[in-house]
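K.L.:
Pulled these features from TrEMBL for this protein:
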type: TRANSMEM; residues: 16-34; note: transmembrane segment
type: TRANSMEM; residues: 46-65; note: transmembrane segment
type: BINDING; residues: Lys105, Glu106, Asp135; note: UDP-alpha-D-glucose binding site
type: ACT_SITE; residues: Asp135; note: active site
type: BINDING; residues: Lys272, Asp296; note: Mn(2+) binding site
type: ACT_SITE; residues: Asp424; note: active site
type: TRANSMEM; residues: 466-485; note: transmembrane segment
type: TRANSMEM; residues: 497-515; note: transmembrane segment
type: TRANSMEM; residues: 535-556; note: transmembrane segment
type: TRANSMEM; residues: 568-587; note: transmembrane segment
type: TRANSMEM; residues: 625-645; note: transmembrane segment
type: TRANSMEM; residues: 657-675; note: transmembrane segment
type: TRANSMEM; residues: 687-706; note: transmembrane segment
Amino acid sequence: MLKGPLHTSKASPSRWFNRLYTLVYTVAIFALLYHHSCNLIYSPSLTTFFLLVADLVLAFFWATWQSFFFNPVHRQVFPENLAQVAKESDYPGLDVFVCTADPFKEPPVGVINTVLSVLAYDYPTDKLSVYLSDDGGSQLTLFAFMEAAKFAKHWLPYCKKYNILDRSPEVHFRKDPSLFLETNEIKAMYENMKSTIKDVMDKGTIDVEQFNDDRTIKALTKWTSRFTRHQHPTVIEVLLKRNHDKDVSGHYMPNLFYLAREKNKAAPQNFKAGAINALLRVSATLTNAPIFLILDCDMYSNDPKTPLHFLDPTIGSNFGFVQFPQLFDNINKYDTYTTEHVLENRICTSGMDGLEGMSFMGTNAFFKREALTGKPTKAKWKWNEQNQSEYDLTLAHRVASCSFEENTKWGSEIGFRYGTLVEDAYTSFRLQCLGWKSVACRPDRPAFLGNMPISLNDFLMQTKRWYMGLLQVAISKFSPITFGIRNMNPLQALCHAYFQFRAFWCIPIIIYAFLPQLALVNSTAIFPKVSDPWFSLYVFLFLGAYGKNLVDYVVAGSTLKKWWSYQRMWLILGCSTYLFSFFDWLVTSLGMSTLEFNVTSKVSDNEQEIRYHKGIFSFGVESPMFVSINVAVIVNFFAFFMGIGHVLINNGRVEELFGQLFITGFGVVIGWPIFEGMVLRSDKGKMPIKTTLISVCVALSIHLLFSSAF
Ligand SMILES: O=c1ccn([C@@H]2O[C@H](COP(=O)(O)OP(=O)(O)O[C@H]3O[C@H](CO)[C@@H](O)[C@H](O)[C@H]3O)[C@@H](O)[C@H]2O)c(=O)[nH]1
Ligand SMILES: [Mn+2]
C-alpha cells in the first residue's frame with residue numbers, strides 16, 4: 001500500500017489571471033489591426049502595408065505564446081517513496097546514450113566527465129549500460145575512453161563510498177579540493193589521465209606500437225590509412241562489461257560501450273538523429289533496456305538518483321518520455337546572450353506539460369524504448385532485456401552499417417525522425433501526434449547541468465541551426481498548423497508553432513528596426529500623434545507586452561538584469577539568426593546548399609571567459625550576421641540624432657515624431673554594447689574593423705537608397 005505518492009501535479013492558479021489578460025490584450029490587438037487596415041484602405045502606402053505586416057506577425061506569435069499560459073502545471077516527484085512499490089531488483093534496465101561528434105570542438109575530457117557522471121549513477125550496475133556514440137570516428141576519442149574506463153574503476157567506488165553528489169570529476173574536484181582520505185590520490189589519477197589524453201590530443205595521432213596489450217592494439221589498429229572521419233567501417237568496443245569487470249573495491253561495473261557507426265560519403269548520415277538511431281539498434285542487440293536516457297556531451301548528471309524519478313510504474317501506458325530542464329552552470333549574472341533560456345525552461349515547460357506534454361530538448365530525457373519503435377500499448381516495465389555475459393558483436397556491427405536503414409521505416413516512422421536539423425523537437429512533435437504523452441520534471445537539485453556558448457558568434461551559429469531546423473518542420477507536410485492541429489490538442493500544436501515559425505520573427509523586428517528610423521531621418525511621421533487616441537492604444541500594447549514579459553521573467557525566478565538582456569538579444573537575434581536561418585532554409589529548400597549540422601564548439605579561451613563574466617560581449621570574428629546587427633545599430637544611432645535635430649529645429653513636431661523618436665532611442669539603448677564593440681573597445685573581443693567598415697558602407701547605402709522613399 002502506498003504511503004506517499006510517487007508524483008503529483010497541480011494546475012497553477014495563475015492561469016486565471018493569464019486567461020483574463022489574454023482576453024483584454026486580444027481586444028487591443030484587434031483594435032490595432034483595425035486601425036492599420038483603415039489606414040491601408042484610406043491612405044495606402046508601403047509604410048502602412050509594412051506596419052500591418054509587422055503587427056500581423058507579432059500578433060501571430062503573441063497568440064501562439066498564449067497557449068503556454070492556458071493550463072500550466074506544477075509537478076513534484078517523490079522518489080523516496082519508490083521503495084514502497086519496487087525493490088531494486090525490479091528496476092528496469094537503463095541504457096544511456098551519450099553523443100559526441102568532433103574531438104577538437106568537443107574535447108574528450110569533457111565527454112569523459114559526462115560519461116563518468118552517469119556511469120556512477122546510484123542504480124544497480126547490472127541494469128546500467130552507457131553507450132558513447134562517436135560521430136567523429138576518432139581514434140583519439142576511443143583512446144581517451146580506454147583511459148576513462150581505467151579511471152572509472154577508482155572513481156565509481158570513491159563516489160559510492162562517500163556518497164558524493166557531484167559525480168563529474170571535474171566538478172567534484174573544482175568544488176571540494178580535498179575532502180576525504182583518498183581525494184588527493186584520486187585527483188592525482190584524474191589529472192594524470194587528463195595529461196595523458198592532452199598529450200595525445202596535442203600530437204593528433206597515436207603511436208600504437210607503444211602499447212603491449214593485445215586488446216588495445218587490436219582496437220586502435222582499426223584506424224588504417226584509409227580510415228577517415230567521413231568514410232570508415234563500424235567500430236564497437238566493449239570498454240567495461242557488467243558482471244565481468246570489477247572496480248578496485250571488488251564490485252561489478254556497469255557496461256561501457258564505444259560506437260563509431262559506419263560512415264560512407266555516399267550514404268546520408270542524418271546527424272545526431274542518425275547517431276541515436278544507430279545507438280537504438282546497437283543497444284537493442286546488446287542490452288535492450290526498456291528505458292534509455294539521451295545526454296549530449298556538454299551536459300553532466302548533477303544528481304546520482306535521477307533515474308529514480310522516471311520509475312513510476314502506475315503512470316499511463318501512453319507515456320513516452322520525461323524531460324528534465326536544460327540548465328547550465330556557466331551562465332553569468334546578466335545572462336548576456338540569454339543562453340539560460342529562462343522562459344523556455346520555465347514557462348514553456350510547465351505550459352506544455354499541462355497540455356499534452358513537453359517537447360524533447362535534445363538531451364536530459366528518459367524515453368521508453370517502445371515510444372521510438374512502436375505505438376502506445378500496455379505499459380510494461382519488464383522488457384525482453386538481454387543480460388548475456390558474452391556479447392555477440394556481429395549483429396551489432398550489422399545494424400550500425402550505413403545500408404541497414406535502406407528501405408526501412410527508420411527515420412520516417414521508427415526512431416528519431418530525419419529531414420531536419422532539430423531531430424529533438426521534430427521527433428517529439430511526431431510522437432505526440434501518435435498519441436504519446438510526456439512530462440517535464442524539475443527537481444529542486446538540477447538533474448543535469450551543462451555548458452552554453454560564451455561568445456556571440458557561437459550562440460548565433462547555434463541558434464541559426466535551431467531556427468532553420470524548426471522552419472524545415474513548420475513548412476512541411478507535418479506543419480503544426482495543418483498536421484499538428486488535426487492530430488494533437490490544438491493548443492499544444494500552437495505551442496509547437498510558436499517555436500517552429502520563430503525565424504519569421506525577423507519580419508517585424510527588421511521592419512521596426514529600420515522603417516520608423518528611415519522615416520524619422522526624412523522627417524516623415526508614421527505613427528499617430530501623442531494627442532491622438534490611437535496613440536494610447538500603442539502605449540497600452542507596448543507596456544502590456546513588455547510589462548507582462550517582465551512579470552513572466554520574475555515569476556520564472558529570474559532577475560531584472562537578465563530580463564533586460566533578453567530584450568536586447570531578442571532584437572539582436574531578429575536582425576541576425578532569425579533572418580539568416582530563413583535564408584539558410586531558402587537556399588537549402590531550393591537545393592542550392594546541402595544540410596549541415598555545425599557542431600557547437602565547447603572550447604573557450606580564458607580572456608573570453610573573463611569578458612563573459614563581466615557581461616562584456618565577445619565578437620572577435622568576422623561574420624555576416626554581425627554586419628546585419630551593426631547596420632541596424634548604425635541606422636538607429638544616426639536616425640536618433642537626426643530626429644533630435646528635426647525636433648529642435650522645428651519644435652512643434654515632437655508630438656508627431658514622438659513614437660519614432662522613442663523606438664529609435666530604444667534602439668540606441670539596446671544597441672549600445674554593439675556600438676561599444678564597433679567604436680569604443682580595443683580588446684580582442686571587439687568587433688573586427690573589417691566588419692565595422694562593411695557595416696558602415698551598407699548603412700550608408702541604405703540611407704541613400706531610402707532618402708527619396710519618404
Ligand atoms: O552529426 C552530429 C552532430 C551532433 N552530434 C551531437 O549532438 C549533440 C548536440 O550538438 P551541439 O553542437 O552541442 O548542439 P546544441 O545546439 O548545443 O544542441 C541542441 O540542439 C540540437 C539540435 O540542433 C540537439 O540535438 C541538442 O540535443 C540540443 O542540446 C552533441 O552531443 C553532438 O556531439 C552528433 O552526435 N552527430
Ligand atoms: Mn550543446
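Cβ from N, Cα, C; glycine included.
Values in this document were obtained by computation on a predicted structure and should not be read as measured data.
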K.L.:
List the Cα distance (Å, whole number) between Asp296 (Mn(2+) binding site) and Glu106 (UDP-alpha-D-glucose binding site).
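P.N.:
If we compare the Cα positions of Asp296 (Mn(2+) binding site) and Glu106 (UDP-alpha-D-glucose binding site), the gap is 10 Å.
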K.L.:
Should the transmembrane segment (657-675) and the transmembrane segment (568-587) be scored as in contact, given a threshold of at least 3 Cβ pairs under 8 Å and pairs 6 or more apart?
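P.N.:
Yes, the transmembrane segment (657-675) contacts the transmembrane segment (568-587).
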K.L.:
Take the C-alpha atoms of Glu106 (UDP-alpha-D-glucose binding site) and Lys272 (Mn(2+) binding site) and report the distance between them in angstrom, rounded.
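P.N.:
Distance (Cα to Cα, whole Å): 14 Å.
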K.L.:
Most Cβ neighbours within 10 Å: which of the binding-site residues Lys105, Lys272 is it?
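P.N.:
When each Cβ's neighbours within 10 Å are tallied, Lys272 leads.
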K.L.:
Counting only residues 6+ away in sequence within the same chain, which have a CB under 8 Å from the CB of Asp135 (UDP-alpha-D-glucose binding site)?
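P.N.:
When sequence neighbours closer than 6 are ignored, Asp135 (UDP-alpha-D-glucose binding site) has Cys99, Thr100, Ala101, Asp102, Ala260, Arg261, Gln269, Phe271, Lys272, Ala275 within Cβ distance under 8 Å.
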K.L.:
For a quick check of packing: other C-beta atoms within 10 Å of the C-beta of Asp296 (Mn(2+) binding site), how many?
P.N.:
26
K.L.:
Which binding-site residues among Lys105, Asp135, Lys272, Asp296 have CB under 6 Å of ligand 1?
P.N.:
Asp135, Lys272, Asp296
K.L.:
Restricting to CB pairs under 8 Å, which listed stretch, 46-65, 466-485, 497-515, 687-706, is in contact most with the transmembrane segment (625-645)?
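P.N.:
It is 687-706 that shares the most Cβ pairs under 8 Å with the transmembrane segment (625-645).
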K.L.:
Which stretch from 16-34, 46-65, 535-556, 568-587, 687-706 shares the most C-beta pairs under 8 Å with the transmembrane segment (466-485)?
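P.N.:
Comparing 16-34, 46-65, 535-556, 568-587, 687-706: 568-587 has the most Cβ pairs near the transmembrane segment (466-485).
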K.L.:
Which recorded positions among Lys105, Asp135, Lys272, Asp296, Asp424 have CB under 6 Å of ligand 2?
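P.N.:
The qualifying recorded positions are Asp296.
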K.L.:
Around the recorded UDP-alpha-D-glucose site, report the further residues of that chain (criterion: Cβ within 8 Å of the mean position of the Cβ atoms of Lys105, Glu106, Asp135; site residues excluded), sequence-ordered.
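P.N.:
Leaving out the recorded residues gives Thr100, Ala101, Asp102, Pro103, Phe104, Gly136, Cys297, Val599, Lys602.
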K.L.:
Would you kindly list the residues that approach the transmembrane segment (535-556) from elsewhere in its chain, counting only those six or more residues past its ends and only Cβ-Cβ distances under 8 Å?
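P.N.:
For the transmembrane segment (535-556), the nonlocal Cβ contacts are 14, 21, 25, 28-29, 31-32, 35, 62, 342-343, 345-347, 527-529, 562-563, 566-567, 659.
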